[in-house]
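Enquirer: Per Swiss-Prot, the features are:
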type	residues	note
BINDING	14, 15, 16, 17, 18, 19, 120, 157	ATP binding site
BINDING	18	Mg(2+) binding site
BINDING	36, 60, 82, 140	substrate binding site
């Protein structure tokens, strides 16, 4: 991989996008961004607050702007929010400006990885988390598949191992 192309990580919450993204950026000596953290930095508030005040649609509008700006940079690793693929504009931007890697995980692994996480607004409802995650998977998994250049299952690998797998895939390009 002579030139440093942008690498965009997509997938459901709990797939490891942020953790793997940090590993990948260190291994490849690339700048790392997390779209959710970038939104928090710009608003001065956490994601849950933005969801409460602006609703999911308001949050997604902010997300489109952040993703558009960040993906104009060169040689970055970007971990996107799980729902970023809901907007066609985001899917088009990600597809056009870099290599899209879908980090896939099972509902069981998502439940175990997110059970103590209070920063996930979509898991703060009265509906069971399993039901929420199943509904999100039904809605979003086809969208992840639509734009993914590569798909990697993250359930039984460490973040470091997944990062190395991604690097190996990129070297073959």
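From the backbone N, Cα and C atoms, a Cβ is placed for every residue, glycine too.
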Enquirer: Using a 10 Å cut-off, grab the number of neighbouring Cβ atoms around the Cβ of residue 140 (substrate binding site), all chains included.
Expert: 18
Enquirer: Could you state the CA-to-CA distance between residue 140 (substrate binding site) and residue 18 (ATP binding site) to the nearest Å?
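Expert: Here the two Cα atoms are 18 Å apart.
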Enquirer: Mind giving me a neighbour count for residue 19 (ATP binding site)? Other Cβ atoms within 10 Å of its Cβ, every protein chain shown.
Expert: 19
Enquirer: Work through the binding-site residues one by one (36, 60, 82) and name whichever has its CA nearest to the CA of residue 14 (ATP binding site).
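Expert: In terms of Cα distance, residue 14 (ATP binding site) lies closest to 82.
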Enquirer: Long-range neighbours only, meaning 6 or more apart in sequence with Cβ under 8 Å: which ones does residue 17 (ATP binding site) have?
Expert: 9, 10, 11, 34, 79, 80, 82, 103
Enquirer: Around the C-beta of residue 60 (substrate binding site), how many further C-beta atoms are within 10 angstroms, looking at every protein chain?
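Expert: There are 19 of them.
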Enquirer: Using a Cβ cut-off under 8 Å and a sequence separation of 6 or more, which residues in the same chain sit near residue 18 (ATP binding site)?
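Expert: Those within reach of residue 18 (ATP binding site), by Cβ under 8 Å and sequence separation of 6 or more, are 34, 36, 37, 79.
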Enquirer: Would you work out the biggest C-alpha to C-alpha distance among 36, 60, 82, 140, the residues that bind substrate according to the record, and give it in angstrom as a whole number?
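Expert: Value for the max Cα separation, rounded to a whole number: 17 Å.
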Enquirer: Sorry to bug you, but what's the C-alpha spacing from residue 60 (substrate binding site) to residue 15 (ATP binding site), rounded to the closest Å?
Expert: 20
Enquirer: Please state whether DSSP places residue 60 (substrate binding site) in a helix, a strand or coil.
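Expert: Looking at the DSSP assignment, residue 60 (substrate binding site) belongs to a helix.
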Enquirer: Between residue 19 (ATP binding site) and residue 60 (substrate binding site), how many Å separate their Cα atoms?
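Expert: Just about 22 Å between their Cα atoms.
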Enquirer: Give me the count of other Cβ atoms within 10 A of the Cβ belonging to residue 82 (substrate binding site).
Expert: 22
Enquirer: Roughly how many Å separate the Cα of residue 16 (ATP binding site) from that of residue 60 (substrate binding site), to the nearest whole number?
Expert: 20
Enquirer: Between residue 60 (substrate binding site) and residue 157 (ATP binding site), what C-alpha distance do you get in Å?
Expert: 30
